[in-house]
Amino acid sequence: MSPSDVPINWKRNLTVTWLGCFLTGAAFSLVMPFLPLYVEQLGVTGHSALNMWSGLVFSITFLFSAIASPFWGGLADRKGRKIMLLRSALGMAIVMLLMGMAQNIWQFLILRALLGLLGGFILNANALIATQVPRHKSGWALGTLSTGGVSGALLGPLAGGLLADHYGLRPVFFITASVLFICFLLTFFFIRENFLPVSKKEMLHVREVVASLKNPRLVLSLFVTTLIIQVATGSIAPILTLYVRELAGNVSNIAFISGMIASVPGVAALLSAPRLGKLGDRIGPEKILIVALIISVLLLIPMSFVQTPWQLALLRFLLGAADGALLPAVQTLLVYNSTNQIAGRIFSYNQSFRDIGNVTGPLMGAAISASYGFRAVFCVTAGVVLFNAIYSWNSLRRRRLAIE
């Protein structure tokens, strides 16, 4: 029996990759609450300079991740996904360790760029599970896996803030590096993959990858959907605290209220993603995708008219429940429309679009709020998501007509 014929316990791999995604999500978000403070500690002074450098060190990670993802995706298709998980976890652990030793802002900026170049654990975890899980359980498995990163991202800022208050800023980077090294060890000892390496000559070129897709236009529309999902999420991030302050008036605990309202969509997504993923396996992920996009539009519009923070919190909770279905549905449709041979690259291209959305979303939100006010951001974002819903519906309708 060849290595590729040995059965894989995909449920164990799903459990271990979930833990890995949880630890990675937590590790990334551990340092997020105090990034501007660390930038200031590295010698940046002045309001405008601090804003500029904080924005740079935040966005450069996503920018370099967008550039590097296709390369790592191609390497994953050649060498296997487990080795990419190991490479990512260990590489990020080393970079985080070095961040805690940075002496000036330029060193820190370069290390943030390296973090983007060496990242990709969650991307490769999705590709690994997508190629191992039975197709009829893809929605449930990918939905469940997505809750790992979401859970970590929810707990990370809270833990990071507490650790920074007790131990200072630099030690948090060392703790984060330790968390990522634990992720490396879990992957090394417990994840199993039967993968026969492919030589560079045997690898499909980009044109051949596109030609091998069942529906290239649909796959492109799914990439665009991923980008717009992240644009919609990111556009609200820069103005959320300020909008909450406008709604709440003079209250002493504005930071707590803002933090709670920022986190409720993640909690809702955590609850909804596996259930909606399983429903998608029954009725089709395309139906889940379109309905979730339409619900998102219907929830974004009233956010521009709310009068209290609690009204905003309720709408954001419902929005999070709908959003919890979006990326797993996109990933499931990508699985349906590609082969295992090119899964790494398809997921990496999707990650690049996601990273571009992470960069452009906050820029769009900040620009709109500066010109037209906070409330306009929600209306414009709703319009962008509505366009995406129509575009996605049209792409899926064409696929259905082509099949018929």
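Residue numbers in this text run from 1 along the chain shown.
Each residue, glycine too, has its Cβ placed from N, Cα and C.
Given the structure is predicted, the values throughout are model-derived calculations rather than measurements.
Here is what Swiss-Prot says about this protein:
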TRANSMEM  19-39  transmembrane segment
TRANSMEM  56-76  transmembrane segment
TRANSMEM  90-110  transmembrane segment
TRANSMEM  113-133  transmembrane segment
TRANSMEM  144-164  transmembrane segment
TRANSMEM  171-191  transmembrane segment
TRANSMEM  222-242  transmembrane segment
TRANSMEM  254-274  transmembrane segment
TRANSMEM  288-308  transmembrane segment
TRANSMEM  317-337  transmembrane segment
TRANSMEM  376-396  transmembrane segment
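Sequence-distant residue pairs (6 or more apart) of the transmembrane segment (317-337) and the transmembrane segment (254-274) include at least 3 whose Cβ atoms are under 8 Å, placing the two stretches in contact. The listed stretches are 56-76, 144-164, 254-274, 288-308, 376-396; of these, 144-164 has the most Cβ pairs under 8 Å to the transmembrane segment (171-191). The stretches the transmembrane segment (56-76) and the transmembrane segment (113-133) are in mutual contact, each linked to the other by at least three Cβ pairs under 8 Å (pairs 6 or more apart in sequence). Outside the transmembrane segment (376-396) by six or more residues, the chain places 217-218, 221-222, 224-225, 228-229, 231-232, 235-236, 239, 286, 289-290, 293-294, 296-297, 300-301, 303-304, 364-365, 368-369 with a CB less than 8 A from a CB of the stretch. Remote same-chain residues near the transmembrane segment (288-308) are listed as 139, 225, 232, 247-248, 276, 279-280, 315-316, 318-319, 322-323, 325-326, 329-330, 333, 375-379, 381-382, 385-386, 388-389, 392-393, 396 (criterion: CB distance under 8 Å, separation of at least six residues from the stretch ends). Against the transmembrane segment (144-164), the recorded stretches 90-110, 113-133, 222-242, 254-274 differ in Cβ pairs under 8 Å, and the greatest number is found for 254-274. Using a Cβ-Cβ cut-off under 8 Å and counting only residues 6 or more beyond its ends in the same chain, the transmembrane segment (113-133) has close neighbours at 8, 10, 13-14, 17, 20-21, 24-25, 60-69, 72-73, 76, 81-82, 84-85, 87-89, 91-92, 95-96, 99, 141-142, 145, 148-149, 183, 191, 193, 331, 334-335, 340, 343-344, 347-348, 351, 355.
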